[in-house]
Structures are given as structure tokens and as C-alpha cells.
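Features reported for this protein in Swiss-Prot:
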BINDING   Cys435, Cys441, Cys480, Cys484  [4Fe-4S] cluster binding site
BINDING   Cys484  siroheme binding site
Amino acid sequence: MNEKHPGPLVVSGKLSDGERMKSESNFLRGTIAEDLNNGLTGGFSGDNFLLIRFHGMYQQDDRDIRAERAEQKLEPRHAMMLRCRLPGGIITPQQWLGIDKFAADNTLYGSIRITNRQTFQFHGILKGNVKPAHQLLNELGLDALATANDVNRNVLCTSNPVESALHQEAYEWAKKISEHLLPRTRAYAEIWLDAEKVATTDEEPILGATYLPRKFKTTVVIPPQNDVDLHANDLNFVAVADKGKLIGFNVLVGGGLSIAHGDKNTYPRKASEFGYIPLKHTLAIAEAVVTTQRDWGNRTDRKNAKTKYTLERVGVETFKAEVEKRAGVSFSAIKPYQFTGRGDRIGWVKGVDKKWHLTLFIENGRLLDYPGRSLKTGVAEIAKIHQGDFRLTANQNLIVAGVPEKDKARIEALAREHGLMDDHVTSQRENSMACVSFPTCPLAMAEAERFLPEFVTRVEGILQQHGLADEHIVLRVTGCPNGCGRALLAEVGLVGKAVGRYNLHLGGNREGTRIPRMYRENITADEILLITDQLVGRWAKERHVDEGFGDFVIRAGVIAPVIDSARDFYDVQEAM
């Protein structure tokens, strides 16, 4: 596709089966309540398998033992992954202690997984523990509503502990946007919290009776940090401040990274700039973008249903004009903004409020007690004495925020005692990330979380060998092309193709504003490391001052930049 072809506003044709499922679900109830009482299987069946996603859960099984159980004529060991709704990633120490205990007592793996969407997941909840899990969240003032499926997911907000006043304002907007776009159905409260069924008819004034065509992701971003990776998201509010006070947002729409191997009608896409709005129009614009996508998104093909494809089909200006019409608001010209990076500042920083903030590097976001490194216990011990809050970051790390000077030494001592602070962690490790993948993700094609630590060790060796031990490459591994690991915004991105094999993408940048192009297809880790060694060798010798690896491979002609991904993402580049 070399030209822009505006298409119809609404795609006609046979609706996908997901649309049938939603329309017949009675506003997301299905027969989940009845299925809960079916002790003959450890899983949810039929439509309920997908409907539980609207309630924040995915049905999974342990793929390490799937074949063994099949030989024994047993069904897979079904267990649920439950994802909390936590706009902006802020959680109190008291809430943390509650989830820490639940993970230990009621999950197969005993871990808490911080995700790159600023929340946490429990993995391995057996069917009998699912309802208690939701009830626990409710007791803690939390929920899992709308953290999966065709709704607005967990709203991200830049974790900026230094500009505390600005962060607080941005965080409040993340919460407001999340609440405004939530499903209104009482199904969640009825099924999980035993809320009384009332005779009123459910209505979904924003999402509609069949909800959105596909998942929808929203961020609130405070430049110059792009830690939330705005270009992976459908709707982005980029903070504009005046004298340290939030005055409005630049709005960017239509980002997204998921693709399908072998289907060139799918592609990653950066978000498009729509314009600037003052704060008072934020919720109206959020609602208008969502309802436009609700009505115009492709409901016949789920692989082409996301906002990014709607924008390409109808045209950015047409979509933008419809948003303005529905919101009764005109966008002003974009205000200047710039991103300089997206990594977390590991260690202590002092905020303008004179409080201290400690960012702990949590490799892969997995909190568990390992031999010699009791990470999960360490965070719980800090929670017992911490007077501020915890902030989960989009880089899967944890910030102990709002520490007064008098508590600083004690919290650092606990962090060091439990292996949560390690002065030997390299910049490379801190800038590497993977999705969960095997053994729990049903979509996994290749290892990611379990693969990353040793792979990073080998990359560290390459950097050291070329005299770049203090440097880093933004490295991401995602176990399948759905892209949860956000590899398609990395300088070096690995996308799982098959067990032990990945597509290697090069040429993103450190700021997360360029999509990397595929350099080699379906290759092994050893082959990737060989290529990395050769290219890092050139980078060490030929780089400009402060030139990142991704910028270097573009400038050196190793790979051509992706300029317009809907048209050039799959262009074959001859390797140099």
C-alpha cells in the first residue's frame, strides 16, 4: 500500500464472533456466576472464557506441564491471572500488605508481577479463589474492572517523583479519565461482590451495549519523560505546564504496537497529534475519542479493529473533526513539547516538596523471594513502616514515594538487606524489559521474562568488550507479536516467532518516538548476539558524541528508519 486511501466510516460485513458474545452477554454477565459453581472443571467455558477478561482476568494454564497432563488424560491446570485497576500506578502501603498476603496464601506462584502498564497481576489463582480475590481488592478499595478486553484499560501516568505538585495534578486527571470511561454495568459488583440485583436496565452511555471494537489504552504524560511509551497507546494527554502548574494537554491519538505474524494488514503505529486543549475539556475529548472509535472501529475483523486502523481508514483529519464535533471543542495548535528519555531514575531523588523518593529496580517486575534476595518480603517490610505511598512504574519498577528525611536510612537498610538495592546493576539491565510469556501466557510463542536476565548478561559482556560498559541499549523482548513487552518501540526489539526464535528489530530510539524495522527474521539468541556484537563494535568506533545505538544504526545505514509505518513498516531493507 503506497498511497493513502480513505475508506468508509463504518466497515460493513459479518460481525466478528466477539461482537455476538458481547451482545448476548447481558452487559458482561454471561453465565459467569453459574460457571463459578461448576466444580467439574478448573476453568471457565464457552463465552465466559472471554467474558471474564472484562472483569480483569485471563484464563491461563501452566504450559510447562501441559503435555504431561494431556498424557495423563487430565485437563490443563487452569488458573486465572488477575490484573488490578490502578490508574497512575499509586497504591498505599496498607493496600500493598493486603495483596502481598493474598499472593502468598492464594496463588500457585506466590508472586506479585508489576506490569509495564503500572499495575500488578496475580498469576495462578485457582477457580475457587477467584471470588475471594475480587472481594479482597474491594476491601482494600481496589478493583479489577475493565483491565482487559474491549474497554479503556488501566490509565497510565508518568511516574515523576521530583515535580510532585505537577505529578499530583496529572495523576488526578488519570484517575478522572479512568472513572469517566469505566463500564457502568453492575455485573462486576453482582458477580464478585454479591451486590443486590436491581430491576433497572443497564446502560452504557459511553462504551455502548457491545462495548468497544477492541482494547483501548490511555496515558497522561509529563514531558520530558516518556516512560509510559505514549506511542503504544490509543489516546494520550501530554501535560502542558506553566510555571510548574498544569494548564492543559496536547492530545495524541492512534498509537499501538500489536501485529500478527504474516499479516501485512497489521502494523505498529505512532500516535497522531490532534492539538492542544485546556484542562476543562479533557473528559469531553476523552469521551469523544472513545465514542468515535466505538462507532467507526472495525467490528468485522478484530485484527483490524484498533483505533490506529480506524485513523488510517478514515483519515486523521476526518477522525479529528468528528471528535471536535462530538466534544463541542476545537483543538488549538500543538504546544511545544519534547521527550529526552523514558527510563526510571533508579535510587534516591529529592522532590520539590523536600520529600525523598526511592526507585527500586525490579527485574521483569517479578516480586518473589529468591535465594539470597527476598524481594517480596523486602517490599512488605518497607510497607510496614512507610508513611507515603508506592508507585508502580511503566518500566515495571517500584517507587517508595514521599519518604521524610528521618525514615530514609531505615528504608534504605531494609531495601539493601532484601536485595532490592544493588549498586552493581548495570544501566543496560535497567533499560531492558520483557513481557511475562511462558509458562503462563497462552499466546506465548517464545520465552521472554525467563529468557531476559541471562540474555542481558551476554549483552553486558558485549558492551564491556567494546569499552561501553556504562552505556545501554533500550532492549525489549516480547513473547509474541501482540507486543506487551513494547519491543516495537525499542532500540533493539525481539519479537517471539517460535520457541527459541525471534524476529530482530533495529532502529528505534531512546525516547520511544521511532518504530524499529525488522532486520532479521526467525533467528536464535546466538545469532542475535552475533549481530549485536558486530553492530556494537561499529557503534563504539563510529558513533557521534552521546549518540544512542538506535540513532547510530539509522545514520550508519544499517537499516532505514520507519517513517510512515502503515505504508513502509514491511519494506525490505538490504542489510549493510
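Cβ coordinates are placed from backbone N, Cα and C, and glycine is handled just like the others.
Features per Swiss-Prot, on structure.
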residue	record	DSSP (3 states)
Cys435	[4Fe-4S] cluster binding site	coil
Cys441	[4Fe-4S] cluster binding site	coil
Cys480	[4Fe-4S] cluster binding site	coil
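The Cβ centroid of Cys435, Cys441, Cys480, Cys484 marks the [4Fe-4S] cluster site; residues of that chain outside this set whose Cβ lies within 8 Å of it are Val436, Ser437, Leu443, Ala444, Ala448, Thr478, Gly479, Asn482, Gly483, Gly485, Gly496, given in sequence order.
Ranking the binding-site residues Cys435, Cys441, Cys480, Cys484 by the number of CB atoms within 10 A of their own CB puts Cys435 at the top.
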